[in-house]
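Novice: Below is the structure I would like to discuss, written out as structure tokens.
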Amino acid sequence: MLNNAMSVVILAAGKGTRMYSDLPKVLHTLAGKAMVQHVIDAANELGAAHVHLVYGHGGDLLKQALKDDNLNWVLQAEQLGTGHAMQQAAPFFADDEDILMLYGDVPLISVETLQRLRDAKPQGGIGLLTVKLDDPTGYGRITRENGKVTGIVEHKDATDEQRQIQEINTGILISNGADMKRWLAKLTNNNAQGEYYITDIIALAYQEGREIVAVHPQRLSEVEGVNNRLQLSRLERVYQSEQAEKLLLAGVMLRDPARFDLRGTLTHGRDVEIDTNVIIEGNVTLGHRVKIGTGCVIKNSVIGDDCEISPYTVVEDVNLAAACTIGPFARLRPGAELLEGAHVGNFVEMKKARLGKGSKAGHLTYLGDAEIGDNVNIGAGTITCNYDGANKFKTIIGDDVFVGSDTQLVAPVTVGKGATIAAGTTVTRNVGENALAISRVPQTQKEGWRRPVKKK
């Protein structure tokens, strides 16, 4: 179906008292992203011409968190109901566009469901998203005559007979801009709450002889709202279960789908294996045959084919070439890069450092602001001393260098190709190619020396 241009209104003015938080409710995160950001992303994916965000409490925090989104900010100074919120946005509606109404605390609404709702909207009428519940207590009921939707009655205003209706309003609807503005202008607050209900436009449309078409979401979780942290945690598990299922069906081996969290986007090759309690954040790419051990956190990184990341390793903003091995208990910070076949072992930290092909840093090492060549051995306890208290400096190590244990390289410094650094050395000057650098104090030995003893 050919759709009109469309704008989206997202209601996000609520305080979220039951969250017991200083943070606006819609900024609490699901899968590592603010609830309202999920909704904004869905609106943008639908091709919304404009996204109007109706806000109230915590406006400064919202604007700071969402500063990168192209939003039209609409203030609702007093929270007088959903209809009142839409009235604040109405001056921005074009007559010839469709207006889709969404909620910042309903984060799992899918683009597919919204597109079906958009396609189903009748000319001059309203598309309405509804669901049927075994226990509809507290929700607005859908009233019908001869199968046609005639209105929505809120639970507090419903008769005993109406409260037996199981079909309820989700709050998500779409209509033409000109019609929406006209109906909004007719709303009153003559109800138990003393608020302006957006749901009253359904009856107004019916009275004008307009058609109202109800559409159901694919999953109930799509229209579940969040009012407290318990509800948020439940939706988190729903979301994670869905993501895990998609990955399993796509060929990724998750050892326990219930103990896997995806907080971003995962692109993967074939025969990828992910153990328990792994967290994927941001945009992550895993090549073919990658193995990730338990307890790892991988964020905004590209992991090449045949890499193996051992348990409890943290990788952030990193590029790993093929066949690298990492961990356990390693930390690769932003700017770390490993070339093919490189190895980083336990309790090694890297930042803004490149480790060349076949090079290895086995244990207890810090490599920062460093460029390390191919086939280099970094001994245990090696530290690149890159910071003088004010500025950072670089360490350059050529190919085929052997760095002994407990070595400090005080940057800026360069170690030439094939050089050897003796264990316990503090390198403060450049080392030439194929040279031996040693700076430790000569060993002395005192025969028959006795350790001090405690006085009685």
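Each residue, glycine too, has its Cβ placed from N, Cα and C.
Pasting the relevant annotations from Swiss-Prot:
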REGION    1-229  region 'Pyrophosphorylase'
BINDING   11-14, K25, Q76, 81-82, 103-105, G140, E154, N169, N227, R333, K351, Y366, N377  UDP-N-acetyl-alpha-D-glucosamine binding site
BINDING   D105, N227  Mg(2+) binding site
REGION    230-250  region 'Linker'
REGION    251-456  region 'N-acetyltransferase'
BINDING   A380, N386, Y387, S405, A423, R440  acetyl-CoA binding site
Novice: In the region 'Linker' (230-250), how many residues does DSSP call helix, how many strand, and how many coil?
Specialist: 20 helix, 0 strand, 1 coil
Novice: If I restrict to non-local contacts, at least six residues apart, and a C-beta distance under 8 angstroms, what lies near S405 (acetyl-CoA binding site) in its own chain?
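Specialist: S405 (acetyl-CoA binding site) has long-range Cβ partners G379, A380, G381, T382, A423, G424.
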Novice: List the same-chain residues at least 6 positions away in sequence whose Cβ sits under 8 Å from the Cβ of G104 (UDP-N-acetyl-alpha-D-glucosamine binding site), in sequence order, or say none.
Specialist: I10, L11, A12, K25, V26, M35, V36, V39, L53
Novice: Among the binding-site residues N227, N377, N386, which residue has the largest number of other Cβ atoms within 10 Å of its own Cβ?
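Specialist: Its Cβ has the most other Cβ atoms within 10 Å: N386.
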Novice: Work through the binding-site residues one by one (G14, G81, N377) and name whichever has its CA nearest to the CA of N227 (Mg(2+) binding site).
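Specialist: Sorting the binding-site residues by distance from N227 (Mg(2+) binding site), the top entry is G14.
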Novice: Please state how far apart, in Å and to a whole number, the two most distant Cα atoms are among A380, N386, Y387, S405, A423, R440, the recorded acetyl-CoA-binding residues.
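Specialist: 22 Å is the greatest Cα spacing among the residues binding acetyl-CoA.
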Novice: At the level of the C-alpha atoms, what whole-angstrom distance separates G81 (UDP-N-acetyl-alpha-D-glucosamine binding site) and Y387 (acetyl-CoA binding site)?
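Specialist: For G81 (UDP-N-acetyl-alpha-D-glucosamine binding site) versus Y387 (acetyl-CoA binding site), the Cα atoms are 57 Å apart.
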Novice: Report, in whole Å, the straight Cα-to-Cα distance of N377 (UDP-N-acetyl-alpha-D-glucosamine binding site) from R440 (acetyl-CoA binding site).
Specialist: 20
Novice: Of the binding-site residues E154, R333, N377, which sits closest to Y387 (acetyl-CoA binding site) by Cα distance?
Specialist: R333
Novice: According to DSSP, which kind of secondary structure is G104 (UDP-N-acetyl-alpha-D-glucosamine binding site) found in, if we only use helix, strand and coil?
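Specialist: The residue in question, G104 (UDP-N-acetyl-alpha-D-glucosamine binding site), is coil (DSSP, three-state).
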Novice: In angstrom units, rounded to an integer, how far apart are the Cα atoms of G14 (UDP-N-acetyl-alpha-D-glucosamine binding site) and D105 (Mg(2+) binding site)?
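Specialist: Spelling it out, the Cα of G14 (UDP-N-acetyl-alpha-D-glucosamine binding site) and the Cα of D105 (Mg(2+) binding site) are 9 Å apart.
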Novice: Quiz question: given the binding-site residues D105, E154, which has the greatest number of C-beta atoms lying within 10 angstroms of its own C-beta?
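Specialist: Max Cβ neighbours within 10 Å, all protein chains included: D105.
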Novice: Provide, as an integer number of angstrom, the distance between the C-alpha atoms of N377 (UDP-N-acetyl-alpha-D-glucosamine binding site) and D105 (Mg(2+) binding site).
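Specialist: Cα-Cα distance, N377 (UDP-N-acetyl-alpha-D-glucosamine binding site) to D105 (Mg(2+) binding site): 53 Å.
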